[in-house]
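Per Swiss-Prot, these features apply:
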- 15-35: transmembrane segment (TRANSMEM)
- 84-104: transmembrane segment (TRANSMEM)
- 123-143: transmembrane segment (TRANSMEM)
- 169-189: transmembrane segment (TRANSMEM)
- 206-226: transmembrane segment (TRANSMEM)
- 257-277: transmembrane segment (TRANSMEM)
- 302-322: transmembrane segment (TRANSMEM)
- 341-361: transmembrane segment (TRANSMEM)
Amino acid sequence: MSNAIESLGSLWGPLLVLGQIGLFTLVLLLSIAFLLLLDRKVWAGVMMRKGPNVVGPFGLLQSFADFGKFLLKEIVIPAGANKAVFILAPILTCTLAFVTWAAIPVAPGTATGTSWVIANLNVGVLYLFAISSLGVYGIIMGGWASNSKYPFLGALRSAAQMVSYEVSIGFVIVTVILLVGSMNLTTIVNNQDGGIQNWHVFSFQYFPLIVVMVPMFVIFFISALAETNRPPFDLPEAESELVAGYQVEYGSTPYLLFMLGEYLNIVLMCAMMTILFLGGWHGPISLGPELTANLPPLLLSLSGLAWFMGKVLFCFFLFALVKAIVPRYRYDQLMRLGWKIFLPTSLAAVIIVAGYVTFVGGLS
């Protein structure tokens, strides 16, 4: 009997992790379905159209109808394509997009200093860098395996674009790491407790670094648009030039996986903006330790989750708005912006923040 109890106890940990992964995946998929609808509604609203409004009340079930349509379509593989790589590319892209979310904390835990996260890594930022940098391989594989010039050109554009703007994003994140002194994402969020004035985008607790951190937030937002191939930086899948870029030959479920991976990365960037700059799950007004000590921990966790989701939704709305109102950049303008403006600016910010931490932060 004791052996059976011990074996059940040893299985409880892995089962709990699997349950967390399953719940997280389900919530992500449902979130993507409705965020995709929001994206289309914003685009339609700017053009003074109604957008999807037929399937379900207010068009809420449109994404699920599209999902069913993709699943029922036949998978067509071009005659000259490398079949194995052609199928593997969207699977790799979607899998990497899901795996990255394992280190994202979404709400405070019931115990002090903990959070709702699958893997609370001390090197969470490094983990995100490592996984997200692999995403370009799925796009290159898909473009090359299609055996067509338009997908291949789109894949090459994507590789150059993602590498260019990953450098700027990296330097921006380094400024936050220098301020906090940790690469743990939960620690980064907890460092912004105390109200909106302590959010890193304003950094009043590190005055006068507001003149540095506000531009860093703007650079991160614009670089995130380029990193996720969103307009006005959708050069890899430019419809007017490359038909649909690396996705030209894809349809049915493989195309659905590419699109799912793209939107997962977009929401990931929104979550990163929330964690690094917008206070994570902390509200704009601090309740104070006296009041929070008397509130149920679960209520604090749920309110933190609501704040986190609201901020992510706001960031996604900005992504959708930019898509609807900003025209596409030329490729040379895209490269010039990344290498000649964002890179030196973010590098200068790293030097300024490092100097502040060394000479001011160290003395306080």
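Counting starts with 1 at the first residue shown.
Glycine is treated like the rest: Cβ placed from N, Cα and C.
Among 84-104, 123-143, 206-226, 257-277, 341-361, 257-277 has the largest number of CB pairs under 8 A with the transmembrane segment (302-322). Residues of the same chain lying 6 or more positions beyond the ends of the transmembrane segment (341-361) and with a Cβ under 8 Å from any Cβ of it are 165, 167-168, 171-172, 174-175, 178-179, 181, 206, 209, 212, 215-216, 219, 222-223. As a quick check, the transmembrane segment (169-189) and the transmembrane segment (15-35) miss the bar of 3 or more Cβ pairs under 8 A, pairs 6 or more apart, so the two do not touch. In summary, the transmembrane segment (123-143) does not lie against the transmembrane segment (15-35): fewer than three C-beta pairs, each 6 or more positions apart in sequence, are under 8 Å.
Taking Cβ pairs closer than 8 Å, the transmembrane segment (84-104) reaches residues 21, 24-25, 28, 77-78, 117-121, 124, 127-128, 131-132, 134-135, 137-139, 141-142, 144-146, 185, 249-250, 254-255, 257-258, 260-262, 264-265, 268, 271, 275 in its own chain, all 6 or more past its ends. Sequence-remote contacts of a segment are chain residues at least 6 beyond its ends whose Cβ falls under 8 Å from one of its Cβ atoms, and for the transmembrane segment (257-277) they are 28, 31-32, 35-36, 89-91, 93-94, 96-98, 100-101, 104-106, 128, 132, 135, 138, 142, 172-173, 176, 185, 188-189, 199-201, 213, 216-217, 220-221, 224, 227-230, 247, 250, 308, 311-312, 315-316, 319.
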